[in-house]
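Taken verbatim from TrEMBL:
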{"type": "REPEAT", "residues": "221-255", "note": "repeat 'PPR'"}
{"type": "REPEAT", "residues": "283-317", "note": "repeat 'PPR'"}
{"type": "REPEAT", "residues": "350-384", "note": "repeat 'PPR'"}
{"type": "REPEAT", "residues": "416-450", "note": "repeat 'PPR'"}
Amino acid sequence: MGVRFKPRGHLSSSLSIDNFLKSHKNLSKTPPKLWLDTQHDPIEIDYQGLPILKLSHPILQALESCSSVRHFNQVHTQLIVSALFQHSLVASRVVKKLCSSSLTVSHAVYVFDCLDEPDAFVCNTIIRSYVNFNDPFSALRFYYGRMVGKWVLPNHYTFPILIKVCAEIGSLREGEKAHARVVQFGFESDLFVRNSLIHMYSVCGRIWDARMVFDAGPDWDLVSWNTMIDGYVKNGEVGVARELFDEMYERDVFSWNSMISGYVGIGDMEAAKGLFERMTIRDVVSWNCMIDGYARIGNVSVARDYFNQMSLQNVVSWNMMLALYVRSKDYSECLRLFDRMIEVGEAKPNEATLVSVLTACANLGSLERGKWVHSCLKNSGIKPDVLLSTALLTMYAKCGAMDLARDVFDEMPIRSVVSWNSMIMGYGIQGNAGKAIEVFMDMVKRGPMPNDATFVCVLSACTHAGMVLEGWWCFDLMCRVYKIEPKVEHYGCMVDLLARAGLMKDSEELISKMPMESGAALWGALLSACRTHSNLELGEIVAKRLIELEPRDIGPYVLLSNIYAAEGKWNDVEHVRKLMKERGLQKAAGSSLVQFGEFKSESFVGNCSVHRKSMVFSMLSEMGAQMKLSCGDSNMASELGA
């Protein structure tokens, strides 16, 4: 008995019929809903035959509670099935929900394209979302491509957003086009639109156009006056801003702060102080403006007085003072103030804070403190930018910890010219000129373009190592390949390099060929070399030239005296000393900074007690006497030998 098979085509047809019957059965059922229909009252119908919805409708409440894309798609499907998607309220709520995240704004634009009759509210929502998510160009593209392209009529909320976009991108052309549309649609008398135009024209540098809009208005509010005053200040017309300020009937703290910052910008601290003292209510910005003003003119004590008077300092207040102490080279006070900032705990340190602190550590040679700041940086969650990373590696480089500096350098995803320069400088300070040149060559191959400071670092490294050939090569590379005009610093390095190698004539020739007037530093380097190599004749010439340039600088006198002493010309030594005494020149007290782990000791000869001074002078007298005796014995021995 044979087995009978059904044909394959018959089996396929049977399955298709079964699927069709199941689908037809499912379609006949009521579609599932994501909410319970608890509304028993009949839904009102508008004149177009569409239901009048309220925000309390279950489907809109379900839309607001969406927490994922999957959930949103389910609600969106229900809206389409229920024929509610094209309803203006529903469409606006859908777009608003999608515009709450930067990841779904593009989906909102897709929904907009599906709307039969989009309105200005939907368009404004999408444009505003682009602005809030720092994408002004997409906002502008949407306005022209979708809103204008679909002939959607704007309302009085559209143009303030659009004009803000023009101000953010700094496009005067687009701003003028927006202004023309404002006039076209009759919104030029709207207060919010006019305030936006005033701000836009001020930002774009057309302050006279901003004033025309201001004067043409039928009424103004406090924002109008403040925007106009702020515009004048930022365009450098502080005097006109003051005239407008004096005309105001009502002022708020922003009005006062704008004027104070204007006077700070032009360095008129007397006027700024006068306004500050007249203020009845001051905020932290008011105090920061005064601190910033005195910091700009270098008045550290007054800036600190204002800082101390503040009831509450924010991180900007602390950062301004820390940066001021760094600029004034009071690095110890910078670190003391930072310690107080940590102790008070009012403000949390940020990148700018740590840059100032690391700079102070670098200049004080405080490696342990710098390491502590680095550990705080790692634990704070702050992601170092190029500036902060460069400050960190510079601190390690100046403190001689080149291995740690290299670790920071290698971890930097982006390196600035200053980053490379700091590495070259660090190796140069350590006397490792070969490594400095190696980093420089690596920079030439795959780094940013070297600048004039780069070559100062390289030439300085060659100078300290006595690498004359390499120094000449770098100097030639700078002039011939990179077309960098040598500055006094570059010539100074080359003169020092040649002079240390005993090539005084070449140094003198290089100075004479300089296009700019040679400074005292160059002649000083040459004079120092003359002393080192006992070149009395050239030393005298250079010393006289240097004394002509800097008659009040004691350095040339001391170096010339040492040259004479080395040659045994004691009469000339006495002559130089007599000249110094007649001109009232006295050698400044020296200072030293010693680091022993966590212990730091700063000693200044000028601050010593009377007893210590006596001891030091006694020791120096003993040393001088011994040196004279030694010189006398050697001269006597040479005469006897003769």
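Numbers run from 1 along the shown chain.
Cβ atoms are placed via backbone N, Cα and C, with glycine included.
Owing to the predicted nature of the structure, the values given are computational and were not obtained by experimental measurement.
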The repeat 'PPR' (350-384): DSSP-derived helix, strand, coil residue counts: 28 helix, 0 strand, 7 coil
Beyond the flanks of the repeat 'PPR' (350-384) by 6 or more, those residues with Cβ under 8 Å of it: 315, 318-319, 322-323, 325-326, 329, 331-332, 334-335, 338, 341, 391-392, 394-401, 593, 595, 597-598, 600
Whole-number mean of pLDDT values that fall within the repeat 'PPR' (221-255): 95
